[in-house]
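Visitor: Got a structure here, written out as structure tokens. Questions coming.
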């Protein structure tokens, strides 16, 4: 039944050989690889206003413009830096790889840990922001926002377990639809505001500020706005997905991506300023702008729906990239090896399940509120940016290939700028939640190093060398001694006795009965005689009703007589019931006993099944 | 660690021989066996008023008096009936036993199911009522009432797992303290009201009624008040706990119990009438009366605390009686046999855990509100009363011992009166929740019969007869064929190969490797040659990455060649890690494989442990 349900949800298994991806040109590579970056504009401007408006009131809108300029400037620097990464890592240069390659394992792991955390936050932030786009348009859904977000994440988890490939063209549409609806909104908005000079009849009441403009305040706003730049590195990760010339296509895509973000982010910032959009808990800033521009027309709803769709696509990027990253890290033995296994649909099942679960937990803890998740976000992204840029910088210094000085300067600037941003984000958001990330990243790094050590130790211990082989051939010897624990004499335990007889001489077999009631034991002994069973029956009384420990003590007492390396064999009979729930009617003594016995290396446990027909 | 925590919570193990109980005279038997019955007065009067006051306002208090009289009358009938049960069943005559003995298994099971449900409700009702006694006195605790109730139940569960015996004298004190504080309150109250004629300066505002007095209304009120009679049969269950002459002592106790209930229930009803106590969600009726009588003095708090204590004792009765009942029913094979096992402290661990868990669930579902639990309560008690009385009636008719006619009349009246009460309770409370019980009881009966059938079928199938023995000796034969699945060649898998060599001839052993990557398989084959291993290595390719099913298919293909009754042996090596959490670093392929293989009767599975030292 479980198997059928799985098949229905996940689909038929796929063969190893079916693992191939479609290759894209720029037209489809752009929307598919850049949904994460472009969708960030749906919340980045709002985050700036959340900092500025309560602090300085109307003045906020002027400052917002300058901050948006800084962020766009940062974007330009990142684009130039990442073009060089694309050149150097034609097979995909994620921060983990670049940092590990050029700065060593510790920095690689730091980048890896930062990315892991940020992918999870990408899902939580994107989905809650997507839900907010919908609840802004349909306020009656506000009470169900957590439920909606969780349902979407579950839906996406199942979808990705089916092996929804990012490489499907259909995933490009939402990005284009979003771009089109946003550009329409910006152009028509500009037309209304600057040409027709139509302003809202009932202007928004902007609360008076309580602070003055300080550098700290502007830094906080800048840090919040930096969330607009998350997802930029997806293009350099995704080079293998491009058609030849892959690197050239990737670079064109990167430029286009930057242009689009620049236009939409700049445009919505200007419109927010013109309309004095004030962030509130219930209506997003984009929704406020769209309503001012279009009124409650079809286009307003189109903006909201396409915002939702691109945010879901952005979350989906995390669903395809995080499990891949986990598998790369776990192939380096820094994470449990289960992450390297592909499921029946060729997707990395464990990574997908982990991401879905953690995102749901985050959404529930933060009550589905994008704004309260934000302080945790972007720190990780910028740490990985910094490490990746520093790695590239070191690479140029080391390789000294043609034009290395020029290239080192570009990546050096990238490294410095992103590092300054990390400090700015970490410091200004520290008490609001960034401290969690500051603790989590080194914790993850340490854990990953411990995992690696564990695997290394085990590999050393398990390794079969010629010397060990020779030694083993001498030492390992099965001691001719078999114990058959039994509760009563029935067909199941009789079958175990028969099996034991084939393992060794009858005189070396002991049937062991532990009792809490000497009357019952006597009955068993009589039955033993009646059926004329030749195997020796040993009865042990357990005053504390602890059957398992009494059995183990007996086995241990036998073990003391054995040489090191010998194996005593214990034969346990097991009822096999037809339905799993029938197990509640039977003591699981056999299973417990087996589990306890296996803790000792000298004992091999044989399970002889007895299947109940009816 | 888990074992130490268990020891700390539960205490050191006790020997079988330590299972003895103290015996009581009337002085201690009374409080210990009657806490359940006496504590009922803490909520029964209130329940009557919950029905009457909203319906008929001030008139309620007059009617309450008549209803209390009827209930007391019913109590007298029950006392006379149960005196006869005590005579007939000197070893304890619970309803399950009396009904099963005289009316057959089906009625016995119905009584059993009714009792099971009612014991669980006793815990939930008593503990929430006890909490209400405390929150009435300290209103600031009202928001935490669910938490308090749950904490008490958990505390009692742990206490009973330790083997707190009902037979400890200390359990008698709360009952006496409660009796003393209630009698003080009633006497002093009467003195104030009827002699000093002191009435409250600010009389309670009794809401005007909205209905007229109808028979249905009075029946509803009567049914609600019948909760006062729950727990009466505890005395007849507990005869073996009395000192000799046990039956005589039990009968005296029963009379005393009835007198006390009569006095307290009657007394509080009169005081409720005098003070016009109106039931509310936050303050219990007893608390209202006590405050009127004593003011906010020490005595007021004494009443509240002793009420709480006796209610906890009442719940504790269920904790010692239900697991005993479960063990009796499961000895008759109507319930999973785990309920017959005594834990390390000689208590019936499984029954206690079950009761604690279900009571907590009930309390949470009903938000810790005694009043909303009430419609479910008492139906079961009166069904078991009816069955027990009918059973006694049938017994007299059948045995025709001296004076049987006289005795049959008494039990006959008891049976009729309790039956009428069942109908009354069932009908008037049906839509408020009694329907749940009406569905649950037959469901439980059917389930218990299915459990019995399951055990019977298995016993038949497992039975070892001389014929079967002869046949088995011929048929069962271990096929000389051993399969050793392995993932790689290391010390652990090598140990398994060595073990296999001792099971049968080397030429009949196959080492089986399932791969998803033919490159890796080739490496293994080379290593195999390098180490010069003489056992045959079979490699199977799994295109769907489903190692387990590929292994099983291979084993099955071998099985087809075997004769029925033969056993193929599969040797699985198992890493034993030092800490349970280290298991997350290793595939549990071996465990899954073992589990799947054991579903087939022809395969015995040997687990060869390999313990990792570091």
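Each residue, glycine too, has its Cβ placed from N, Cα and C.
Sequence annotations record features per position, and here TrEMBL assigns transmembrane segment to B:64-82, B:116-135, B:141-161, B:173-195, B:255-278, B:298-326, B:347-366, B:372-396, B:408-427, B:433-451.
Provide an account of the burial state, proximal residues and distances for the features listed.
Guide: Packing against the transmembrane segment (B:64-82) from elsewhere in the chain are residues 44-45, 48-49, 52, 218, 221-222, 225-226, 228-229, 232-233, 235-236, 254-255, 257-258, 261-262, 265-266, 269-270, 272-273, 385, 389, 392, 410-411, 413-414, 417-418, 421: each is 6 or more residues past its ends and has a CB under 8 Å from a CB in it.
Long-range neighbours of the transmembrane segment (B:116-135) within the same chain, counting only residues 6 or more positions beyond its ends whose Cβ lies under 8 Å from a Cβ of the stretch, are 36, 39, 42-43, 141-142, 145, 148-149, 152-153, 156, 227, 230-231, 282, 284, 286-287, 304-305, 307-309, 311-312, 314-315, 317-319, 321-322, 325-326, 355-356, 358-359, 362-363, 366, 368-370, 373-374, 376-378, 380-381, 384, 437, 440-441, 444.
Residues of the same chain lying 6 or more positions beyond the ends of the transmembrane segment (B:141-161) and with a Cβ under 8 Å from any Cβ of it are 9-10, 123, 127-128, 130-132, 134-135, 282, 312, 315-316, 319-320, 323, 343, 345, 347, 349, 352-353, 355-356, 359-360, 363-364, 367-368.
Listed as Cβ neighbours of the transmembrane segment (B:173-195) (distance under 8 Å, sequence separation of 6 or more from its ends, same chain) are residues 30-32, 34-35, 38-39, 41, 260, 263-264, 267-268, 270-271, 274-275, 289-290, 292-294, 299, 302-303, 306-307, 309-310, 312-313.
Below 8 angstroms of C-beta separation, residues 43, 47, 78, 81, 84-85, 88, 93-96, 98-99, 101-103, 107, 110-111, 113-115, 117-118, 121-122, 124-125, 128, 223-224, 226-227, 229-230, 233, 362, 366, 404-405, 407-408, 411-412, 414-415, 418-419, 421-422, 425-426, 429, 432-434, 436-438, 441 of the same chain, each at least six residues beyond the ends of the transmembrane segment (B:372-396), sit close to that stretch.
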Visitor: List, by number or range, the same-chain residues at least 6 past the transmembrane segment (B:433-451) whose CB is under 8 A from its CB atoms?
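Guide: Sequence-remote neighbours of the transmembrane segment (B:433-451) are 106, 109-110, 112-114, 116-117, 329, 333-336, 372, 375-376, 379-380, 383, 425-426.
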Visitor: For the transmembrane segment (B:408-427), find every same-chain residue at least 6 residues outside the stretch whose CB is under 8 Å from a CB in it, and list them.
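Guide: Result: 74, 77-78, 80-81, 84, 219, 222-223, 226, 378-379, 382-383, 385-386, 389-390, 392-393, 396-397, 434, 438.
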Visitor: In the same chain, which residue numbers or ranges, 6 or more beyond the ends of the transmembrane segment (B:298-326), come under 8 angstroms Cβ to Cβ?
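Guide: That would be 33, 35-36, 38-40, 42, 94, 96, 112, 115-116, 119-120, 122-123, 126-127, 129-131, 133-134, 136-137, 152-153, 156-157, 160, 164-166, 171, 174-175, 177-178, 180-182, 184-185, 231, 234, 237, 286-287, 290-291, 335, 339, 347-348, 350-352, 354-356, 359.
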